[in-house]
Amino acid sequence: MTSNPKRLLTSENPVTDTTEALLKSGFHKSSTCNNDPVFQNFDVSYIKLTPDGSLDIHKQRWHHWLDQATGWIKHFEGPRSSCDLYGTCGPNGLCIRSTKSTPTCECLKGFVPKSDDEWNSGNWTRGCVRRTELSSCRGKDTSDGFYRVANMKPPDSYELVSFGDAEECRKGCLSNCSCLAFSYIKGIGCLVWNKELLDMVQFSEEGEFLFIRLARSELAGSKRIKIVVVSAISLCMFIILGLAAFWCWRYRLKQNGEARVAMETSEDSWKSSLKLQDVSGLNFFEMHTIQTATDNFSISNKLGQGGFGTVYKGKLEDGKEIAIKRLSSTSVEGTEEFMNELKLISKLQHRNLVRLLGYCIEGEEKLLVYEFMVNKSLDTFLFDLKKKLEIDWPKRFNIIQGIARGLVYLHRDSFLRVVHRDLKASNILLDEKMNPKISDFGLARMFQGTQNQDSTGRVFGTLGYMSPEYAWTGTFSEKSDIYSFGVLMLEIISGKEISSFSYGKENKNLLAHAWESWSETGGVELLDQDIADSESDSVEAVMRCVQISLLCVQHQAMDRPNIKQVVTMLTSKMDLPKPKQPMFVLDTSDEDSGSKSNDDKDLFSDDENNPVQE
């Protein structure tokens, strides 16, 4: 098949078990034998070897019983890759395995083509030579090293030596000046090469590691390249980070400038808006005055906190005590509340309303300054086991009447008609004589002309105090405040908080307790037992207040009295109508309760000339 019988044509064995019989004789016979007649088949093959070293095997099958043959079929074709040809890239040349018919040859690291002209023309048979001779073979102390090449088919002409592991294999090769490469393969052992490296192939994956012996200078060059690359990358990263830091600094500088301008613009717009709202009569406090008065908003001066901001106690230079409401910078609703409260309270003056002394606007800070109430809020007395003893029934009744007078001013007597919308114990402040003052007008709304109700898509307030129509539909009116006042009256009488009180197996709330107490005993048992008084006048006043409070918390707004009717009932001994059972209460009344409700329909009207109808 070749003129040189010692020359290898391929680096892989193309002969498989299937083709072995064909290569022996070129003829194959098979028979089919059973109870039926015997059939014989004959396979005839021929082999073609091309000048470029390709080997093709074709075969043809002859069917004896049909007396005919099939066409010629290619049974084998090789080599499958250009790198399968033995020594394609010459000594020290590396063939990169691919599906292309033309191989890709490269010199190993530290080697150069033996003939540049031939190599560049595609004739790689002369291979590559070292660029730098090995130092150990020049009689000097060995300073050579090894360069690792991955995914390799090891070269031809290796020797198997008995070294225990990869490190021993490396040391053994390094100590032998004729050793040019080594590879340690698990399951086989240490392979070394003492001759030129021939027939090397590199795969895209798998294969073995081959360690090529190189002079130290060749390896140092690789390290120098790595150092240069790493240094260049580091320098680029440093420049990028520097530019990013500079950009961030410029951006923040710009943002701060814009924020400063926006802050100044916002402050100017607020002040302009306040002028339009005609609040120029109020005192304007400088920020440093507020900070000095509150010891820079010290926690020790903190009085309380709500959804719209925090309240602090302060003391001015003249010794006058004040309360400062600091708007939360994150509350959008708080901004509306601030403006609303400033606009309304500046125009409202009554002994049962808290007095606004002034305001402060500086940058993002917005503050309201009030007169300071020594006894803080009503809830701190009502719901404290010890402090509740300080407000006996006469004081509680006086507080109820004071709150009612404040509501009369808001609803009827001021030139503005105002609905508070957030009447509760924590918003009733007490002065040194325990006189009540309604505070916190952030949610208040003003009615114009003949308007008697309004609605909103955003319901704000405190559950338990909100009237059913406001909580469910957002509709509010003076009667919404009446409902809240009724709940507040029950809390003042009983000393129980609407949001936390419950009794019985069914966990009935304060309204249910008041209804049952009034239905059974006229409501006398509802009075806070810690301050209970057996005097007949007190008992009668308690029973009357319980009935008035139940009239105020009726489900339908039109069934509730207006505030002037409430004051009339509180200050006179007129007969009171029977209230309808409030909602959220299990029905424990008799069948007549329904007829009573129908009989008392439209019991109260907004006609001030007809305060009570029966």
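Placement of Cβ uses the backbone N, Cα and C atoms for every residue, glycine included.
Bear in mind that TrEMBL entries carry predicted annotations, made automatically and left uncurated.
Straight from TrEMBL, the features:
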type     : residues : note
DOMAIN   : 137-216  : domain 'Apple'
TRANSMEM : 227-247  : transmembrane segment
DOMAIN   : 297-584  : domain 'Protein kinase'
BINDING  : Lys325   : ATP binding site
REGION   : 577-614  : region 'Disordered'
COMPBIAS : 593-604  : compositional bias 'Basic and acidic residues'
Within the chain of Lys325 (ATP binding site), which residues six or more apart in sequence place their C-beta under 8 angstroms from its C-beta?
Gly309, Thr310, Val311, Leu367, Leu368, Val369, Tyr370
Please state whether DSSP places Lys325 (ATP binding site) in a helix, a strand or coil.
strand
For the domain 'Apple' (137-216), report the average pLDDT of the model, please.
87
By DSSP assignment, list the helix, strand and coil residue numbers for the domain 'Apple' (137-216), in that order.
13 helix, 32 strand, 35 coil
